[in-house]
Amino acid sequence: NMSSPALLMRVVASAYSVAEKAATIVRNVMSAGDLGIVEKAGPNDLQTKADRLVQMSICASLARKFPKVTIIGEEELPTDDVTEDLIEDGHCEEILKKPCPAQYTGIKEEELVIWVDPLDGTKEYTEGLLDHVTVLIGIAYGGKAIAGVINQPYYNYEAGANAVLGRTIWGVLGMGAFGFQLTEVPAGKHIVITTRSHSNALVNECISALNPDHVIRVGGAGNKVIQLIEGKASAYVFASPGCKKWDTCAPEAILHAVGGKITDIRGNSFQYNKEVKHMNSAGVLATLRNYDYYASRIPNTVKESLVP
């Protein structure tokens, strides 16, 4: 007799389908042509119609199925009734078939916190850099990121008319991560990936100190972690406040599920309990391999400038 799947696996399976629905909304808003852009804190802090609709869709869909889970999304939105066309009720069967890691089988709904970035890389989305864009759904338990779903709505968008557009990557600690090909940067190569639109003197000082062979500047935290797990970059370095918990929760779970590491610039791990402050004030340092190599080269002046 098959016992019903553990709560965690049901949440991840639903989040997978919810993220696919989100990707459809993101693509529909873009193809309709009216992005409905609003400036939040300034010209580099934008919100579009896609951010708003996707957050409503994700939060309402998951809240309906898992009413006691805490869900924290990036956008401040009215909690008016969400229209039924935004609700996704499905789940990924394949995920439900996988056994839940033993340490998570007893989790109750009220113990989970879901961190949602409806559209990570909004500025790039408005500028047509569509491959930078991700939808992030991170699942935390005991203050720790334990599972995550990342959808890339425009994965493959330059591959021609017959290519399948978009993909969903997911992972659970103790189980691994799926939906991509895990690849390491060639040994001895030091490729640093960092912010595209939020650079400053400190960010650049930190990168110079690492003496990288190459620096890649792209938008989106989800996108940067994907570059790590696909072997395009060896370290994601951001020596500045600005990144928030909903940017790092899903990517962290996936990165940790494949043996990588993410911390702030000072080496502190991120906390994801519902009371925690939203800002990752001390920046981000992440690698798939060789974390200590990069951590040991961060200048003390940079660490002292960033207060957690």
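Including glycine, each Cβ sits where the backbone N, Cα and C put it.
In TrEMBL this protein carries:
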BINDING   E74, D117, L119, D120, D247  Mg(2+) binding site
Of the binding-site residues listed (E74, D117), the greatest number of other CB atoms within 10 A surrounds the CB of D117
Listed in sequence order, residues not in E74, D117, L119, D120, D247 with Cβ within 8 Å of the centre of the Mg(2+) site Cβ atoms = D51, V116, P118, G121, T122, T134, V135, L136, G220, A221, G222, K244, W246
Spatial neighbours of D247 (Mg(2+) binding site) that are distant in sequence (at least 6 apart) but have CB under 8 A | D117, D120, L136, A221, G222, N280
Least buried by Cβ count (within 10 Å) of the binding-site residues L119, D120 = D120
